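Engineer: Take this structure first; my questions come after.
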Amino acid sequence: MNILAFGPNGSGKGTQGAIVKKKYGLDHIESGAIFREHIKGGTELGLKAKEYIDEGNLVPDDLTIPMVLETLANSKENGWLLDGFPRSLAQAEALDKALTESGMKLDYVIEIVLDRDIAKERIMGRRLCANDNNHPNHIAFDAIKPVEKDGELVCRVCGGELSARADDQDEAAINKRHNIYYDDVTGTMAAVNYFKNNTDAKIISIDGSKGIKEISEELISQLP
Ligand SMILES: [Zn+2]
């Protein structure tokens, strides 16, 4: 079973991908990891990609697509779940073509649908516990809201000190990523629509405003 997973930053796509991967024994392939693997392995494509990355530029599609394809072709027998790629309409078209040419079938496209403002709130509201990374705290969710102690917000599980990841508070960076994701002309939403309208893959659209457990249950109920 081969799956593409879409969802904006803040939609919990990574978490859901991990749940699906585990249940079906798939390879969870994340686009950033593909670059890292090729660069670490010193492949020809990896070396070329590194030049772009080192200069702070986007790796062009004619390098990215073959890297993605190679990784997919080497994946587990049970199939793969590709996450974070394609990000644009052009990449979607190229990936579709490359999959067809290589005889690989795309079975499902998972789309986690979430309003842009909520996605941003979800990213910015995450808090880390100084004592344990596995103590979830979030200022926008009642179920895991930090508690107040001496006028400070502390971990709701252990009372530990809380902090926010710098990345999560970088509004400009979040906006930049969301600009690409929510662009339905040439961006990621256009890629999602491409798969909806031009391929035989089954589309599973899930309301991302629900909780992690509800989303994963709904998702799995729609997979075989
Ligand atoms: Zn804690």
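Quick reminder: no glycine exception, Cβ is built from N, Cα and C everywhere.
Quantities reported herein were computed from a predicted structural model and do not represent experimental measurements.
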Engineer: Look at the AMP binding annotation in TrEMBL, where Ser31, Arg36, Asn57, Leu58, Val59, Gly84, Phe85, Pro86, Arg87, Gln91, Arg165 are given, and name the residue from Arg116, Arg177 listed for that site too.
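Structural biologist: Looking at Arg116, Arg177, the one TrEMBL places in the AMP site next to Ser31, Arg36, Asn57, Leu58, Val59, Gly84, Phe85, Pro86, Arg87, Gln91, Arg165 is Arg177.
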Engineer: Kindly assign Lys13 (ATP binding site) to one of the three DSSP-derived states: helix, strand or coil.
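Structural biologist: Reduced to three states, the DSSP call for Lys13 (ATP binding site) is helix.
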Engineer: Which of the listed binding-site residues (Ser11, Ser31, Asn57) has the least company, meaning the fewest other Cβ atoms within 10 Å of its Cβ?
Structural biologist: Asn57
Engineer: Per the record, ATP is bound by Gly10, Ser11, Gly12, Lys13, Gly14, Thr15, Arg126, Lys210: how many Å separate the farthest pair of Cα atoms?
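Structural biologist: So the maximum pairwise Cα distance among the ATP binders is 16 Å.
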